[in-house]
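Please read the structure below before turning to the comments.
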Amino acid sequence: MINQENNDLYDLNEALQVENLTLNDYEEICKRLKKKPNRTELGMFGVMWSEHCCYRNSKPLLSKFPTKGKNVLVGPGENAGVIDVGNNQKLVFKIESHNHPSAIEPFQGAATGVGGILRDIFTMGARPIAVLNSLRFGNLDKSSNVDLLRGVVSGIAHYGNCVGVPTVGGEIDFDDSYSGNPLVNVMALGLLETEEIVCSGAKNVGSPVLYVGNTTGRDGVGGASFASSELTTTSLDDRPAVQVGDPFVEKSLIEACLDAFKTGDVIAAQDMGAAGLTCSSAEMAANGNLGISIDLDLVPSREDDMSSYQYLLSESQERMLFVVKEEKINDLIEKFNKWGLYASVIGEVIGTNEVIISHKGKIVAQIPTSALSDDTPVNFHNVINNPPDDLLNKWEWKENDLPEIHEQKIFSLKENKKFSFQEIILKLLSNPSIASKRWIYKQYDSQVQANTVFKPGKSDAAVVRLREQYKKNKSKVFSGVAASVDCNSRWVALDPFRGSIAAVAESARNVSCVGAEPVAITNNLNFSSPESEIGYWQLSSSCNGITEACKALETPVTGGNVSLYNESKNKDNLITPINPTPVIGMVGKIDNIEKAISCEWKNIDDQIWLIGSYKSDTTIAASSYLEYFHGEITGRPPKIDLLDEKFCQSFLRNAILNSLVVSSHDISDGGLAIALAESCILSAKGATIELKKDINREDNLLFAEGGSRIIFSINKIKQNEWLNYLKQNQINFPSSVYVKKIGHVSSETLKINIQDKNICNIRVEELSEKFNNSISDYF
């Protein structure tokens, strides 16, 4: 037992287990403090030294990312990244995860995930203008996964709809690896409303520290430590570690904070997210190279007899911490009270670099700021030199391993019978990972604020008008921003390096497909335990891939989130890790949103074209077709030639800006056939496609993935203009990039011919039925 001067008795081994700390950590803490920590101090170290707060396992890998660029104003280190989007406007954006809380309390876990990322945005002085989400669940044939999906979607919808921020897009995938550990990643965008970016570093010794927002309770205590450990069969007992959100308080907080920031009387701001008051005070002090003292007796609370430990580790929602001008404190408190928010001076900035906490007249914690924030432990791991043997074996897979095609039919290794290509297209369209997510996004308010250009599902990336709502300017606003979240986790599982390159490339491609220029990314690295040899190799390889792609595409990393220990343990102590899932949130700028285009065909007889790269692999390996039709997750994912990728995107964007291209859609899950079908479904128009059999297998032509490929349509009245444009630009084409006409838009049927033989003739109505009802049928 440890006995401290404040009679704080605790069992050391039990306390270390609760705080997810090691004995080595404890010895290091004693060295930093030059004494043994009391229970409150140990709890503060527990959350601040967790992976969630200090990235102790991933920090060496994150340092490789490119973080500077011509448009980047604020990179990693602040609450969110900031880029210049022109016209004296600044976009603030970030992605965060709420995986473990959503696993045990899906509604509140997802809802507070939305609330937390919104606070990161408006803490910088920006009004939130859009939310996107990237979700992963186990397959829906298991009822518990259906319940998780229902709860998470309801939570996102509830919070986003009530707070008045549109949910404009996202992605969702289903795989058994997520059955015990779903992923809930939320990305938010905001438009700066203040003259200066509001930063988090404390300034001016003696300045008051102001607490604003909701009261503090016991909900969410230890949430950061909980988020940094694996899920087990007893994780439901950790429900108190899940926060409870109130979107109506958040709405008041947004308006009050932006109002206060515009006065210039707020010196620094930090939201109370993970690790609550501990993290916000420590980071403000460290970022300002000063200290902070706090009296917990002054903190507005909603429960009686809370301990100092509970005050400091509570993750009650909708709370902020400010450093403010002393002479303006009364004006600010009055402003916040007007919005129905609690506002109380709870401390001050001090000259010594430490966080000092008082409670009931006694100092209960006194810790150097560097020990909590800057100089936190780093766990170094050895990276294996070669990929695991099971992956090397899978990379040996060849398309010739599949059954031969006879009379336009192929034998399914999964279902042990033959199917026509027409039947395969319908089967792929009905797979929940490919099918329409309409059941999900119809629950979201995507039109609130009246700036959403395309409804969810209509375009490869969301497009939002950059209208400054606080200005009473009635002139029309043309500038906009595009955003997309992407990751093919099957590819990353089979090759973390190639798969992560592909995730960056696809997110940029989606942004380019609407006519926007990719500018920067935020990423959410969802991985299993870094203590596993393979788990850390996956994380390291993924970071290398992201680094290479971001450098080549000139899309620097402005920040993000790392979520490790995403694995579940069953009653037999068998661990199931998730597929590694590095979600890329890409943002791009577009000068004129009237030029932006969607995936839908526009006019009958418009020409359909295909652009792609011969250097970028086009293969059935690692494809949706191989998994969903043949039941095999194998093969090496396609290699992407990033120079060709960049050229294809740039060429397409310029054609869109010249009003020649009227629709475009990237080829991803399911290959060319599914991309064509989706454009048909979205427009309720057909397509007649003529393909040459320049390879041995028809299923490669139809269902192969990769190749940096995009289908697009040319307005029928601009076909000569398009051909002239193409001829003028042909001289700049790399020899490995091709652009070819493959068909035209028709009325009611998707008709695909290969070498003049018809292999598909499906009415759009039948395509739509399979595509639109797959997920909703589970409810």
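Including glycine, each Cβ sits where the backbone N, Cα and C put it.
What Swiss-Prot records for this protein:
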- H52: active site (ACT_SITE)
- Y55, K94, N523, G560: ATP binding site (BINDING)
- E96, N561: Mg(2+) 1 binding site (BINDING)
- S97, H98, N99, H100, R119, Q243, E315, S316, Q317, S563: substrate binding site (BINDING)
- H98: active site, proton acceptor (ACT_SITE)
- D120, D271: Mg(2+) 2 binding site (BINDING)
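Shown are the binding-site residues D120, E315; the one with the most C-beta atoms within 10 angstroms of its own C-beta is E315. When every Cα pair among Y55, K94, N523, G560 is compared, the largest distance found for this ATP site is 17 Å. When the CA atoms are compared, no binding-site residues among the candidates K94, R119, D120, D271, N523, G560 lie within 10 A of H52 (active site). In this structure, H52 (active site) is part of a helix by DSSP. Look at N561 (Mg(2+) 1 binding site): DSSP puts it in a strand.
Within 10 Å of N523 (ATP binding site), judged by CA to CA distance, lie the following recorded positions from the set H98, R119, D271, Q317, N561: N561. Apart from Y55, K94, N523, G560, the residues listed for ATP, the same chain places the Cβ atoms of L62, P76, I95, E96, T522, N524, L525, V557, G559, N561, V562 within 8 Å of the centroid of those Cβ atoms. Separating the Cα atoms of N99 (substrate binding site) and G560 (ATP binding site) is a whole-number distance of 15 Å.
Taking a C-beta cut-off of under 8 Å and a sequence gap of six or more, N561 (Mg(2+) 1 binding site) has these contacts in its own chain: K94, I95, E96, S97, N185, N523, N524, L525. Packing around the residue listed as 'active site' is summarised by its Cβ count: 28 other Cβ atoms lie within 10 angstroms of its Cβ, all protein chains included. D271 (Mg(2+) 2 binding site) falls within a strand segment according to DSSP.
Of the binding-site residues S97, N99, N523, N523 has the largest number of other Cβ atoms within 10 Å of its own Cβ. Cα spacing between H98 (active site, proton acceptor) and G560 (ATP binding site): 13 Å, rounded to the nearest whole number. Of all Cβ atoms in the shown protein chains, 29 besides its own fall within 10 Å of the Cβ of Q317 (substrate binding site). With all protein chains in the displayed structure included, the most crowded Cβ environment within 10 Å among the recorded positions K94, H98, R119 is that of H98. Residues S97, H98, N99, H100, R119, Q243, E315, S316, Q317, S563 are the ones the record ties to substrate, and the longest Cα gap between any two of them is 21 Å.
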